[in-house]
Amino acid sequence: MATPFLPAGATTGDSGGELSSGDDSGDLESFQTPEAEATRSLAELFEKAAAHVQGLVQVASREQLLYLYARYKQVKVGNCNIPKPNFFDFEGKQKWEAWKALGDSSPSQAMQEYIAAVKKLDPGWNPQVSEKKGKEGSSGFGGPVVSSLYHEETIREEDKNIFDYCRENNIDHITKAIKSKTVDVNMTDEEGRALLHWACDRGHKELVKVLLQCEAGINCQDNEGQTALHYAAACEFSDIVELLLQSGADPTLRDQDGCLPEEVTGCKAVSLVLQLHRAGKA
């Protein structure tokens, strides 16, 4: 695999530590072009920006982190080269879509956009000042931004919405919000997912019960036609599948791909329960 940021034709020697242009002259002057120097300077500034982001995760929004994540991947990996995550992997889908949207964007452009975004996040950032390295100074593959996005990010309390509280299984907050009519129990996010979808995806059985008691639409479908039953089945939460069925969930509803809930699970026990229930309704 070509070494990033080296001019065309440059390779690493057998020792891995010396550059070779393909001849035995050992003359490196050809590499000292203005273009090569500019690329090297940009790469160094990019690495400093990536290190600085480690301290900005708490103040950056989800959208800003995704923006940075996509450009980091474009620089380090290149064009998006992995399959789209499964429908129930919300976080993975968002990251994949952000990266995929960059298309054939060059590493140079991605680095410039990344650096500009960091400067916008922290106008007072001085690249000449070395970053302090703590226990998190080395974050492994992907760098600071990628690492933070591969885990549930910490969201400031004032920035949380009802779906964040649902993800956290904060039953008390959600119950109060619904009863005070601050939120509609059937409100959906940008993907058409209702609170019930989220609760089923995360395996929060008690929250599912609360939402059903608050008259959540049990057969509500998201933008891909999937119901809460699809989510519970796909995530193999058999107890939630049974709870939904007992509460009137329809196992005959298909998603946009034509799949029944029993067809999106890898668990034979869950699939069998759904098949038997569907047969009983026939």
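Glycine residues also receive a Cβ, built from the backbone N, Cα and C atoms like all the rest.
Since the structure is predicted, the reported quantities are computational estimates derived from the model, not experimental observations.
Copied over from Swiss-Prot, here are the features:
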- 1-34: region 'Disordered' (REGION)
- Ser41: phosphoserine (MOD_RES)
- 42-127: domain 'ACB' (DOMAIN)
- Tyr69, Ala70, Arg71, Tyr72, Lys73, Lys95, Tyr114: acyl-CoA binding site (BINDING)
- Ser106: phosphoserine (MOD_RES)
- 191-220: repeat 'ANK 1' (REPEAT)
- 224-253: repeat 'ANK 2' (REPEAT)
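Known features from Swiss-Prot, placed on the structure.
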{"residue": "Ser41", "record": "phosphoserine", "DSSP (3 states)": "helix"}
{"residue": "Tyr69", "record": "acyl-CoA binding site", "DSSP (3 states)": "helix"}
{"residue": "Lys95", "record": "acyl-CoA binding site", "DSSP (3 states)": "helix"}
{"residue": "Ser106", "record": "phosphoserine", "DSSP (3 states)": "coil"}
{"residue": "Tyr114", "record": "acyl-CoA binding site", "DSSP (3 states)": "helix"}
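Farthest C-alpha pair in the acyl-CoA-binding residues Tyr69, Ala70, Arg71, Tyr72, Lys73, Lys95, Tyr114: 15 Å apart. Residues in the repeat 'ANK 2' (224-253) partition by DSSP class (helix H, G, I; strand E, B; coil) as 16 helix, 0 strand, 14 coil. Cβ neighbour count for Tyr69 (acyl-CoA binding site) (all protein chains, 10 Å cutoff from its Cβ): 24.
Each of the binding-site residues Arg71, Lys73, Lys95 was scored by other CB atoms within 10 A of its CB, and the lowest score goes to Lys95. Taken together, the residues of the domain 'ACB' (42-127) have an average pLDDT of 87.
Look at the repeat 'ANK 1' (191-220): DSSP puts its residues at 17 helix, 1 strand, 12 coil. Note: the Cα of Ser41 (phosphoserine) and the Cα of Lys73 (acyl-CoA binding site) are spaced 19 Å from each other.
Geometry remark: Tyr114 (acyl-CoA binding site) versus Ser106 (phosphoserine), CA distance 12 Å. Other Cβ atoms within 10 Å of the Cβ of Ala70 (acyl-CoA binding site), summed over all protein chains shown, number 26. Between the alpha carbons (Cα) of Ala70 (acyl-CoA binding site) and Ser106 (phosphoserine) lies a span of roughly 12 Å. Between the CA atoms of Tyr69 (acyl-CoA binding site) and Ser106 (phosphoserine) there is a gap of 15 Å, rounded to the nearest whole number.
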